[in-house]
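According to TrEMBL, the feature active site, charge relay system maps to D105, H136, S311. Look at TrEMBL and you will find 96-346 tagged as domain 'Peptidase S8/S53'.
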Amino acid sequence: MGATTSTIYRTFDNGVFRGFIGNMSHHCVKQMGVMSVVKTFEKDSEFQAKRLVEQSDAPWGLQRISSGGPIQNPPNNLADVTSRAFSYQFDDTVQGEGVDVYVIDSGVNAEHVAFGGRAQNIFEAPRLAATDDNGHGTHCAGTVASEHFGVAKKANIFGVKVLNAAGGGRSSDIIAGLDVIVQSHRTRSATAGFKGSVMSMSLGNNGISQVIDNAVKLVSNAGIHVAVAAGNESKDACLVSPGNLGTNDGQNAIVSVGAIDINERRPNFSNFGSCISVYAPGVQVLSTFIQQPQQRGANTNNFITPLSGTSMATPHVAGLMAVLISENPELGKDPLALKNKIIADAQPAATLRDVAGDPAIVVNNGIGSRRPAPAGLAGRRRRQ
């Protein structure tokens with residue numbers, strides 16, 4: 001390899017390893033790839049110091065997914081459970097940066113101050129308003145990526161509105177929304193800084209829709225990381241769509257999420273069983289919301305409220321997906337590998353071992369610090 005095509009800056013031969021640092025032409029790189037004396041080589045890349053921070057004004061769900069076990073001495077009154085007096089430990093070097101999260105729901109209040117300009121709506125089904133007129137989508141998006149209530153505080157949020165003001169939607173509109181997500185993923189995957197796409201799907205029905213199930217599987221097969229709600233029917237998740245798509249069989253990349261409460265128990269609404277992949281906080285979860293009729297005249301872009309449901313559990317997992325992709329870009333194109341990591345990092349929960357075949361595991365970001373829950377004050381609003 002002549003000096004005209006490559007420049008060697010430094011060589012190593014210290015008795016432990018041998019190698020060199022250099023600026024290599026494409027031709028030289030190809031030559032090294034077939035040389036038996038070269039064990040491995042790669043392009044120079046940037047490493048960063050891991051910076052662990054603690055958010056001391058977090059909702060309880062964020063504390064649970066960053067703790068080494070159940071919250072110790074949890075409060076038993078609603079005011080304290082829905083407070084912002086909990087702590088969230090995370091590495092803030094990337095926090096979902098470069099990852100797109102599609103929230104297929106009732107839309108997103110993109111102007112909410114907690115999103116910091118990272119949220120936008122890219123689709124609304126026919127007959128539906130262009131804004132979130134229900135609040136469910138904004139709440140889910142807040143748990144994914146808002147500043148104070150989110151898991152992945154630097155991820156991009158794309159609202160895909162398929163649910164109306166009452167929280168209902170047609171399967172045809174959902175399919176149209178999935179189509180928009182796939183198209184957007186393909187376009188944005190070619191842009192600079194892109195690391196991966198995640199879809200958070202906090203919706204479902206009381207039975208099986210083969211059309212929806214097949215479409216969601218194809219979205220996953222397209223390289224989009226998918227988290228779906230297990231459902232709020234208090235029955236086997238294998239009996240509802242898309243909650244039935246989460247089996248941990250080592251081949252299925254879709255993550256179906258059940259709910260736990262602050263006492264590490266499955267609430268009476270959460271579905272269960274072998275089609276669930278993992279559990280996450282889903283009772284009285286505090287997050288971003290929309291203005292209510294009785295609040296006219298107030299600042300419309302800073303409302304928060306607690307809600308309950310597997311819908312609230314799902315965005316905890318979607319946010320964690322975004323964090324893990326930003327930390328490990330090689331996972332961005334491998335939904336199955338990412339799911340396997342999430343399952344491997346999840347923590348066993350003895351309180352969930354009452355159903356045969358149920359995974360009985362709670363999602364965790366891997367930080368693993370056990371802390372008691374402090375008290376606090378907040379309001380109450382429940383949604384399933």
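From the backbone N, Cα and C atoms, a Cβ is placed for every residue, glycine too.
Keep in mind the model is a prediction, meaning the values are calculated, not measured.
Annotated features taken from TrEMBL, shown on the structure.
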residue	record	Cβ within 10 Å
D105	active site, charge relay system	30
H136	active site, charge relay system	23
S311	active site, charge relay system	30
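Here S311 (active site, charge relay system) is positioned 10 angstrom away from D105 (active site, charge relay system), judged by their C-alpha atoms.
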